[in-house]
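Read through the structure below, which is laid out as structure tokens, and then see the notes.
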Amino acid sequence: MSTDLLVEPSRQSAGQRALTTFLRSRELSIAIVLVLIVIAATLKRHTFVFSHDGWRDTLLTPSILLLLAVGQMVVIVTRNVDLSVGSVLGITAYATGKIFIANPDTPVVLVFAAGLLIGAVLGAMNGFLVAFFRVPALVVTLGTMYAFRGYLTHQAGSKRIVAGDIPANFEKLGTQQLLTVPVLTLIGLAVLAVVGYYLHTARGGRELYAIGSDPDAAHLYGLNVGRRVFGAFVLSGALAGLAGVFSVARYATAFAGTGRDLELQAVAAVVIGGVAIFGGSGTVWGAAIGAFLLVTINRALPILGISDFWQGAVVGGLIIGAIVLDRVLSLRRAHQLIEARDVTEEEG
Amino acid sequence: MKIRSKRYAAGAVLALVASLGLAGCGSDDSSTAGDSGGGGGGGDATTVTFLPKALGNPYFDTSDAGGKKAVDEFGGTYAEVGPDTIGPDTQVSFIDTAAQQGVNALVVSGNDPQALCDSLNAARDAGTKVVTFDSDVDPTCRDLFINQATAEGIAKVEVDMIAEQIGDSGEVAILSAAANATNQNAWIKIMEQELADNHPDIKLVDTVYGDDDDQTSFDKTAALLSDHPNLKGIISPTTVGIAAAARYLSTSDAKGKVALTGLGTPNQMRDYVEDGTVTEFALWNPGDLGYLAAYAAKALVDGDITGAEGDKFTAGELGDFEVGADATVLLGEPYRFNKDNIADFDF
């Protein structure tokens, strides 16, 4: 490969550059893995995609993890992490059930707003501790993960929201489709599009990347690091809250353990999606594909004849593979850049 | 370098978080600790502590409510404690605490047949009578086991129901709880035998594990349906599993085509029986089970029975019971719930 282009990428036309970026992107490689898995499962069992239920589940099942992964990505890109999202999801799921028990006629829009609001408030608690007290996010959100779950267990005790508590129109929303695409997935994709656009183009979005690349440099440069990080946690909380409402719509139940372990799946989706765990690089599109991949693997492996017990191992392998790949690519990139610099210096 | 300057802040917050966490635990326990502590000190009232597999499960909610009813009837002091997740050793700390408080009897549904033994035996050495219900532990580490139904009775009622619903022929699958669940594995073994012996035209094609988690059970049901296009029935011998499977079936193309039966609670299954997804399912009455366990605990504490075969005691409105082999008391036959009678139950 010529090293010239590394030093002076503008020698290529805009179209060529866009194509190279696309072909080299991490998103493309995991998207290919996802497509291969879907094709393999579909070849083995055509109903995996080509049946009403199969098509719906392929799109619908990842919708909850999709929301969590989008929120998690925004936090991770700032070199933080939010481990409390599973507990936040549990609290809003249970609260959603409670709202319906109190008033079965509550408009659905209001329930969604309540979920977002509760999640945002809980996220703000995380953001406040991380951004303004400068406490490592790992510690804060590990703490709030237990604290929120403890609060939920205290509130819910052994009570459970059952299908009879949920009004029929809300239950129906869990599987409702618009032009064969589930409504919950559409909402998830809309969130993805907005967040993706913001991260890619808006000043605030680019600042999140800058903060993740080097928090100290970002601070010295005059960026309001605290405010941006706070905002990232509020967004992550709000999306986890929305995911809690989704969870009730889909499963028609909620209890003290709802959403347990989902936080780790969200982190896994983000890492598999090519977002650097130390922040500063990666895209929300990658995180979204990572979420689809994780969920789809769990559905596809039994069909491919791989037992339940190996599914965890496969997911673990994917995570480690993704991180190793990251490391190899960044080392190779650094090497190429050094080489390119030496060449240009000699020429100069 | 950066880390060093932040070390004190991090330490302070860690301490803060830890103390908040401890404070939270303290307040969780205080309600129950207060109850049983008072009873232990009083001396007169029999103190009975219920320890279900996990809180958050409506089945244990009902069984423990039955236990409370019995304890109230004989004027004892009732308490309920438990972990919020099911795991082999999550119950150990609750057993140790109960033993320290000196409760008269501990009524436990064991998460693991062996892992709890040391703690249970330590509690018994301290004078606490240990009664297991729902899920037994090793017989050497409890005084009495209240059996909700024989494994044979449960396996047979589930096989009978699925055979009736699918016309005694076709492919069926089992959606179980965790892969190491004591009860479910015993039942599945007998169901396999029962199918082979008496239902040669029914083929058991798969057994999957939903871990008693809504999402996992849900996804496993979807996988069963897509894995086995000719599937005619699903047996789910777990209350969480059958409710999740019913929710999935009720919104799928397979509704009405694939029969679903197993063990469920009326409240969780009501909607699905009414909309035709599920025809009939079975369970014993967990309220009666807890009620019987509490009376058995009382009989042990009072010295009326020792757990020897042939010992007899009276359990309030349920009548007379006799201790069978291996210090076991049998509640009775499983009960079938369907469209005609589900409205009569609320648990």
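Note: Cβ is positioned from N, Cα and C throughout, glycine not excepted.
On a predicted model such as this, the values are computed, not experimentally measured, just so you know.
Annotation source TrEMBL lists transmembrane segment at A:28-47, A:59-77, A:108-125, A:131-152, A:178-199, A:229-252, A:264-297, A:309-329.
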Contact between the transmembrane segment (A:264-297) and the transmembrane segment (A:131-152) (at least 3 Cβ pairs under 8 Å, separation 6+): no
Among the ranges A:59-77, A:108-125, A:229-252, A:309-329, the one whose Cβ pairs under 8 Å to the transmembrane segment (A:178-199) are most numerous: A:59-77
Highest-contact recorded stretch vs the transmembrane segment (A:108-125), from A:59-77, A:229-252, A:309-329, CB pairs under 8 Å: A:229-252
